[in-house]
Amino acid sequence: MCHMWHIKQLAVHACGEHQRLQGASWQMFVLVLVAVSFAACCGAAVVPRDQRYASPDAERGHSWGGAWRVKAPLLGHSLMHHSGEVYGQEATSTLPIESLRAVAEQTFGDQPLCVLDLCAAPGSKASQVASQLHIDLLVANEPQKTRAALLQANLLRAGVSEALILSMDGTRIGAIMPNAFDVVLVDAPCSGEGNIRKDPSAWDRWAHNDHPQQLQSRLNLQKDLMSSGWQALRPGGLLVYSTCTLNHEENERQCCQLQEQGAQVVRLDEQLVPSTPEGFLRVWPHWLDVEGFFVACFYKETTHVDPAAQMDCLSLGKMGFRRLKTSEVAGLQERVLQELHFSLPPGIPVMDKEEDVFLLTKRLPLLQKLLPHTLLPGIRLLSKQQISKELRLVAGGNLSSEEWLDLYKSAGGGLGASSLSLKSAVDAPTAWKAFQEMKQQRLEPDIVSYNTLLNAFAKDSDGAGAQEVFNEMTDVSVTPGVVSFSVLIEAHARAGHRKAAEQAFRIMQELGLQPNEVTYTALLRARLLSGDLLGAEDLQNELNVVGYTLLIDAYARVGNVEKAEAAVDALSMNAAPNLATYTALMKAYSRAHQLQGAEAVMSRMKAQGLEPNSITYVTLIAAHGKAKSLQRAEELYKEQGPNLASATAMIGAYGRAKDAERAQGVFDELCAQTVRPDAICCRQLSQALTGARPQSERKVYCKLQPSVLLSRERICNASRNAFEASIASHGRARQFCAEGCCSGFFAG
């Protein structure tokens, strides 16, 4: 049994061939986990959802087993996330459903299940249930209307078509629908003590004067929810209880009270580790470097229940519905298949008084007492004779991220959908527009929304804009946290406002907020960009990998190999240097004209299993070019393969050796690959050509060498094209134009 589970990045398990198949709808929930080891229970790839709704013409087989390793911050910006094909979760948050899946396979086999998620919003565990269990119906409850709408949008986005969304007091469901569900999940509201890794203030709740009263209130709610869930569970069914807290009262004590009602503990020690003596699953943060979690599973002893006592006659007319005729259903199915390439799942198609068409669950006769508490009686198929946004969200398709987000918003995504739009903004003005739209919808931005907006201004190096956002946070009583201050300092640093960055750091400390590695790295950047290398060195013991890499790069700029190596050694004591770190170290050796040292860094890099990238190769090619070691530069160029960066470095190397012919050859090879040279590449070639002859001979050289003149004309054209492209993309050409490089490239 391996209890070491170190989280550094998320492993997203998905199918190797993740494109949706023509004519099929196989939206999937992909479990986002750490692929290291936890008794193999949390690292297993998730199987695809049952494809019983796919078109008969769709290909049935999929190639599963591929895996993307995606850093957490990038996942939320991906199209897979926007389209609902992946859903990010804290690793231990997946354990309740992992536990349930392991036990349900033994208890129910292949039987389709009716599942109740009593506390379902925002929908991570409900989506996981739909992905991993063979369900006939998922009833997901959230008492708050706005959160229930978000829950519904998240399930639709994940392609869950078998869901009925309730918005009611969960403690009442058991009395309304006794003995109705095969599986009940109670992921209860709790004190959240297990979240101390990401929220250290969770410990502070113990020190509050009202902590005993708050704890007792939660205990009462948890007990009532468990009792309601137990009452709603049919004999022979399973109930899973979970919390993200650590104390005995909210966990083992509640389980003991349920046992007094006749619940039998299903021991999880045979399924998952580590478990308690009682057979419950408990994860401690300091054991596994994850969030703390508690899971318990119970079995309800089988007794005879008269199905007729539960089943009311279904009267669609009394409910305000008309069942569609067979011909109407056939026409609807054909239309949906043609427009969305999606086959409708089984159900009861009905039309309401407004002539909207819904697909009701087959279990409606059993559950119709819950209908007054649903957001919708089922999936809306048509609205005003048009395909509904809900159905489009479920069916999916080849949509862009923006189209997915628009659908998600319109389906009730609320603040979550607006936050996704904010995260997806390409620049600060776009993020600001999304932020204003959020407020126009009368959604109250939370601290995450403000931090996301701050980050957009930081990426644009707009310190003044970031400061305005920060000031608005405090004006509307959204208390800035460590992340808020860290991003603000980063924005000021990138903008070159060292004084403002230092001031934000001091205010943060005065408020009693503890700076973290990200904060110190942002402050380091501010000091480095202001030229204060000594001040930056004062922060060395507080840095993360990014911070150390910045410091090493600063040493590289002055050719201080000794200090660069010392910084790498200091970093290695706490974390592994990455590719950027080694490349910065290589630059230090290059600047110090120590080729053997630079080559040794390349060897160290490969020994660590790191694959050199184009920046690494360019750094080493440039180093050999400066030393006029052309043979080794050519070897590296061939090893890397021609691309814009390596070709530019190689042209520069030939230019230093005054070898205009081979410089021209590299340029021609680049153009032959339809790679458009940029202004830097063109300038390197110009310098190589004009530098190949003494100054006094250059005008004569131009007259006597028509082939070279032709090449220069080609370079001019390529340069102009590159400038136009640069202006359209990132404005770098403006800098060259301002310096007069374009007009003066080929002056004789």
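In case you wondered, yes, glycine gets a Cβ from its N, Cα and C as well.
Whatever TrEMBL says is automated annotation, not expert-curated.
Annotated transmembrane segment per TrEMBL: 28-47, in sequence order. Annotated domain 'SAM-dependent MTase RsmB/NOP-type' per TrEMBL: 84-301, in sequence order. Summarising the annotation, TrEMBL assigns S-adenosyl-L-methionine binding site to C119, A120, A121, P122, G123, S124, K125, E142, D169, D187. If you look up TrEMBL, you'll see C244 marked as active site, nucleophile. Marked as repeat 'PPR' by TrEMBL: 446-480, 481-515, 578-612, 643-677.
When the Cα atoms are compared, A121 (S-adenosyl-L-methionine binding site) and the residue listed as 'active site, nucleophile' turn out to be 15 Å apart. Within the same chain, residues at least six positions away from D169 (S-adenosyl-L-methionine binding site) with a Cβ under 8 Å of its Cβ are P143. The Cβ of C119 (S-adenosyl-L-methionine binding site) has 21 other Cβ atoms within 10 Å, all protein chains considered.
Of the residues the record lists as binding S-adenosyl-L-methionine, namely C119, A120, A121, P122, G123, S124, K125, E142, D169, D187, the two whose Cα atoms sit farthest apart are 20 Å from each other. Sorting each residue of the repeat 'PPR' (578-612) by its DSSP state yields 26 helix, 0 strand, 9 coil. When the Cα atoms are compared, G123 (S-adenosyl-L-methionine binding site) and C244 (active site, nucleophile) turn out to be 16 Å apart.
The Cβ neighbour count for A121 (S-adenosyl-L-methionine binding site), using a 10 Å radius over every protein chain in view, is 23.
In sequence order, T92, S93, C190, G192, E193, G194, N195, E291, G292, F293, F294 are the residues of the chain that are 6 or more apart from C244 (active site, nucleophile) and have a CB within less than 8 Å of its CB. Least crowded of the binding-site residues (G123, K125), judged by neighbouring Cβ atoms within 10 Å of its own Cβ: K125.
The residues of the repeat 'PPR' (446-480), classed with DSSP into helix (H, G, I), strand (E, B) and coil, number 26 helix, 0 strand, 9 coil. In terms of DSSP secondary structure, the repeat 'PPR' (643-677) contains 26 helix, 0 strand, 9 coil.
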